[in-house]
Amino acid sequence: MRFSRVISLDFLSFENWRWLFCPSKVAIIFVFRTILASYAALAIALWMEMDSPRWAIMSVWVVAQNSSRGEILSKAYWVILGNIVGIIAVLCIMSSFPQQSLLFELTVALWVSVCCWFASCTRHFLSFGWSMAGFSCAIVLFASVKDPDTTFMMAMSRGSYFILGIFIENLVARLFEVNLHHYAHQKLNSDLKKAVEGALTSVLHIVQGKNWAAAQSDHMLTSIISLNHNVEFREIELKGTGHTGDHARATLSLVSSLLVKAMGFSIYLKEMKNQLQLFNQILPQAESTIQFIIKGLKTNEDLKILLASVNKLRWECRQKISDSFYRDVRNSQELDTSYTQKSLNDRILYQNLREILAELESTLLELYKSQDTSLQDNFKFSVKFPPDYKRAARNAIRAFVTITIGCLLWEITGWNNATVFLAFLCMGCSRFCVFDNIIVACVGWFKGICIAIIVAFFFNMFIMPMITSFEILCLILLPPLVIGALAMCTPKYAPIAGGYMFFFCYLLGFENSGRVNESAFLNDAMALFISGLVALIAYRIIFPYHGRRLKHQMRQKLLDGLHNLANKSKPYSPREWINFVSGNFTILMRQLGIDKTVPTANTYRHGSMAVMLIGICVIRLRTMIENDIITQDIRNVLRVVLRRVAKFQGHKARYGQHARTVIIAYRAIKKFRQREAIEKNLAVRMELSVAISVLILMTYALDKDASFLRVKSYRSLFY
């Protein structure tokens, strides 16, 4: 009783309904322009006496997006393209199987599942375009299945509705975008500056003695993924301004590399804290330089002045490394082991700080190039995220089995309104694959259908019979449309609101000649309800989502990527590896619906960053092996380490948390330190110091995050 009272009080609290009573300015603008566009599309459809005007207003809500103008344009483009592909598929399928019902149904299920597969393998609104190709085809096919001769006209009709709705929505949205080009460039510059300043702040905290977790470097890395996504849409808004988007992506990629190097620097400082000789003397200078750059970015300081300060410190580090080598060579007979090791640690830290400054210099150059819209160059830079083929296969199989079951129910029952049921079942299956968390999308879809049925029942039974003019209709529809549009602006209720707005407009059945009668309404409502229920049950049974399994899958995927990194003839580049790891972590958090500040998210973030560091170390070791500087015996030791990484399995470790991989790496460090102290060849000695620094990072990550890497041997075909 007390528990239910707490739930009811929380549900009725003002904070839970703030989105409705205190909407943001952005939400109000979205509501106004989307409702205006939907009324305009409906008015044109009624004026032209189209056969089913409700599809015009429905298409507006399909493409409606409470986001930037670039996202709206991108979504509209891919929706139209997907609609065209779907219409072509309609003509091919219907002409191939006009009288073979079984082949027809299986082909529709196969087409939708193929579209789901492509939608799961692609990103952004390209995935929505594939989803559109799937369900637009199914809607037209099942609408014309009783009279195949009308298929072509039905396809042209539905396609015209979607194009009309999208055109009107974009036209109205343009009225609310004043000076879009300037605003988009300003917003892009602001986002990039915040990213660079945030990275520099993390580096500053590390220089001041904080570890990388306290410096929030890992938080910055995961947030850069979303910034990379937004660059694509800003690029659409900045069309005709050269390669600004490419420079922006390059800036964010360099920021990621800068943060990874800063993580390594913090580990070196922690591991060598009491084993340094002169390095601490340069930290105040590094701190003041970073503070100067942060201040210069905020005040729009000239780029040459910022680069001069970076280069000054960078060359200072290089000089310190040279001086250290010179002292060791000059006094080689007088130096003890302790002094030699401290001198080596100094050189490792100087070199790492120098690499950080080199990344910072490149970052500043790309940042200023992205701000110059008049710059006309041929620079190209892309960020690739490898698709998850197993997830795509799961979504395709779910869709195929669900639609096939729906067709089987139609064949068994001979239900007259089953075509509506199957059309929207296909629509649900196509849309679910766009979301990372399918269960949230599926439940929200079903709830939206239920709410739409209840609200539409009230309007059809009591309100619509009294309406005699279009103006009164628009006035009466304001409350349900405003509430639904505001809910679409709230992430918590967006999956529910999307289904509600679409099906509410469908059930009202706007027509010139009259209104929807009670029998037709109840039949359509029953078909919609059963389609949502069947989809919900099927997606709960077929490859159900389990948090533990998803977390295990993500860990196994990262570990497999680490193994492949040490085995492949052409491994990832450092940039690709950083994107791979941080992208997988971000997707996992979205799939689980976990806030990135909870303990589980922190655990997996730290584990992901450890895998990222190990991977970067593997790439550097492979580069060293391929070079001709080091001798053959050093190469052999590094190859042994890489072979152990390629076979590393935490659950098979016979030495507790310190697996055999860690022990071999420790032995390699010890051997290389001894060799570095007596090596006469300066080039080989410098490479040895780099190898030691890389192995220190690797052993630290393997040792401290052994529990994350201890993944049980669990394999299945699609997980």
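Just so you know, glycine gets a Cβ as well, placed from its N, Cα and C.
Keep in mind that this is a model prediction, so the values were computed, not measured.
Summarising the annotation, TrEMBL assigns transmembrane segment to 26-48, 76-95, 102-120, 126-145, 157-176, 442-463, 469-486, 493-510, 525-545, 682-702.
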Ranking 26-48, 102-120, 157-176, 469-486, 525-545 by Cβ pairs under 8 Å to the transmembrane segment (442-463), which is first?
525-545
Given the cut-off of 8 Å on Cβ pairs that are 6 or more apart in sequence, determine whether the transmembrane segment (126-145) and the transmembrane segment (525-545) share at least 3 such pairs.
no
Candidates 26-48, 76-95, 157-176, 493-510, 525-545; stretch with most C-beta pairs under 8 Å toward the transmembrane segment (102-120):
76-95
Cβ-Cβ under 8 Å with the transmembrane segment (493-510): same-chain residues at least 6 beyond its ends:
19, 38, 42, 45-46, 53-54, 57-58, 61-62, 64, 424, 435, 440-441, 443-449, 451-453, 455-456, 459-460, 464, 473, 480-481, 484-485, 487, 516, 520-521, 524-525, 528, 532
Counting only residues 6+ away from its ends, which parts of the chain sit with a Cβ under 8 Å from the transmembrane segment (26-48)?
19, 54-57, 59-61, 64, 66, 161, 164-165, 168-169, 171-173, 175-176, 470, 474, 478, 481-482, 485-486, 488-489, 505, 510, 512
